[in-house]
Amino acid sequence: MAMASFRPPPLALLLAACLSALVLAVAHARTPRLEPTIRLPSQRAAGQEDDDSVGTRWAVLIAGSNGYYNYRHQADICHAYQIMKKGGLKDENIIVFMYDDIAHNPENPRPGVIINHPQGGDVYAGVPKDYTGKEVNVKNFFAVLLGNKTAVSGGNGKVVDSGPNDHIFVFYSDHGGPGVLGMPTYPYLYGDDLVDVLKKKHAAGTYKSLVFYLEACESGSIFEGLLPNDIGVYATTASNAEESSWGTYCPGEYPSPPPEYDTCLGDLYSISWMEDSDVHNLRTESLKQQYNLVKKRTAAQDSYSYGSHVMQYGSLDLNAEHLFSYIGSNPANENTTFVEDNALPSFSRAVNQRDADLVYFWQKYRKLAESSPEKNDARKQLLEMMGHRSHIDNSIELIGNLLFGSAGGPMVLKAVRPAGEPLVDDWSCLKSTVRTFESQCGSLAQYGMKHMRSFANICNAGIVPEATAKVAAQACTSIPTNPWSATHKGFSA
Ligand SMILES: *[C@@H]1O[C@H](CO)[C@@H](O)[C@H](O)[C@H]1NC(C)=O
Ligand SMILES: *[C@@H]1O[C@H](CO)[C@@H](O)[C@H](O)[C@H]1NC(C)=O
């Protein structure tokens with residue numbers, strides 16, 4: 001079978017694939033224009049909530065990836081922590097999930113430091129290590145959200161111990177795919193489970209309202225058709241249900257990271273809301289105003305040649321509320337009132353989240369001296385990564401063809417449901433189908449998340465996991481030895 005005897009592509013081809021990932025677009029860099037507005041004391045009071053009326057502000061910040069090539073997700077989370085901290089949230093109310101393998105990674109050119117902007121300072125200093133390494137997993141994330149201390153394993157046991165008047169902010173930055181978000185320790189997080197947890201939290205009466213900011217590919221699919229509009233949860237996502245989200249400050253971009261960095265420093269949507277929050281008085285900026293601003297910046301001049309559609313879901317009545325109720329406001333910005341057109345500079349280009357790791361391995365390979373042993377290793381890494389990608393793509397295509405015929409296969413697998421409908425009707429079918437695939441064909445790994453829609457569509461077509469298992473066994477006679485295919489980490493569902 002073709003995939004069992006996969007041969008790595010020639011390096012020239014590989015180069016083309018990497019470069020095509022760097023979709024370029026011309027910049028119209030705009031200069032930031034922050035206009036401090038002068039107000040009379042009587043006017044000022046109107047725009048400000050009373051600190052006491054707000055209840056307690058809680059924040060849960062989570063980076064769902066690990067590995068130096070995913071630098072940007074943990075950098076985003078650290079930056080978010082600094083915003084919460086400057087905004088006045090207390091450490092006891094901020095819960096951070098990060099694998100914590102970046103700052104002291106041997107590949108990090110600035111040991112002990114993480115940056116989230118090419119000229120930015122350290123955002124790692126002071127970040128609490130509430131849940132690190134293997135403690136960053138779905139079970140702990142849900143237990144923390146639900147405030148259930150006994151369900152937490154490892155970590156320092158900090159949970160969202162919130163009451164009925166409290167405001168909760170959640171920020172998740174990671175890879176994703178249709179209906180799914182990554183986790184450094186398997187399994188991944190599925191949209192239906194997340195929304196169930198939010199419903200449970202609402203039923204427990206332990207928040208007034210909750211704002212969820214989500215950066216991931218196809219992140220709209222986590223909430224689309226799932227998140228009710230009457231449980232006080234407002235979500236914005238980096239992309240709609242069917243497109244990639246984007247890494248930014250990547251090597252070769254403008255502005256690019258300092259030359260010693262081979263990796264992207266941030267993600268486009270994340271950077272957009274955080275750089276906005278860094279400079280504004282959040283007592284006067286509403287969720288809606290920030291959404292509009294972030295949408296504009298993430299859309300890349302409405303061209304969408306790179307960039308994505310930032311979306312809103314859930315209780316949109318919360319749009320009118322000020323960010324201050326959730327993430328506080330840095331007192332240093334008290335005179336920097338929101339002005340509609342003070343958008344931060346746009347980006348010249350960005351790298352598709354799914355290709356950002358390739359960019360890293362390519363950069364690393366490119367810089368090494370010809371015929372050094374390190375260059376050979378880097379080449380091997382790059383080829384393994386590409387090899388895994390084609391194995392996954394080919395196996396799923398073949399399974400589609402075996403199930404639906406060579407004409408029907410691609411049509412069924414690629415079908416996108418109308419907006420407002422969930423990805424899949426039977427989420428347990430989706431999860432079983434994923435496990436079935438992985439036990440026959442090897443791990444989907446980070447890249448393979450993109451194929452979740454195909455598995456969902458197989459379920460939507462009424463194919464039961466047992467039937468998919470038979471076909472997967474035909475498509476994949478064995479699990480390739482490629483390290484990305486290894487299933488020792490467990491299944492992603
Ligand atoms: C908390 O988690 C434990 C262990 O998973 C579970 O038995 C218990 O029912 C949970 N408590 C609540 C209030 O959900
Ligand atoms: C904001 O403006 C007021 C009035 O001019 C001034 O007293 C205050 O120091 C300013 N705050 C900051 C942080 O610059």
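Cβ atoms are placed via backbone N, Cα and C, with glycine included.
According to TrEMBL, the protein has these features:
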type: ACT_SITE; residues: His175; note: active site
type: ACT_SITE; residues: Cys217; note: active site, nucleophile
type: DOMAIN; residues: 380-476; note: domain 'Legumain prodomain'
type: SIGNAL; residues: 1-29; note: signal peptide
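A Cα-Cα distance of 6 Å separates Cys217 (active site, nucleophile) from His175 (active site). With a cut-off of 8 Å between CB atoms and residues at least 6 apart in sequence, the same chain places Gly64, Ser65, Asn70, His73, Leu181, Gly182, Ala216, Cys217, Gln353, Arg354, Gln446, Met449 near the residue listed as 'active site', listed in sequence order. Around the Cβ of Cys217 (active site, nucleophile), the number of neighbouring Cβ atoms within 10 Å comes to 27. According to DSSP, the secondary structure content of the domain 'Legumain prodomain' (380-476) in residues is 77 helix, 0 strand, 20 coil. Mean pLDDT of the predicted structure over the domain 'Legumain prodomain' (380-476): 97.
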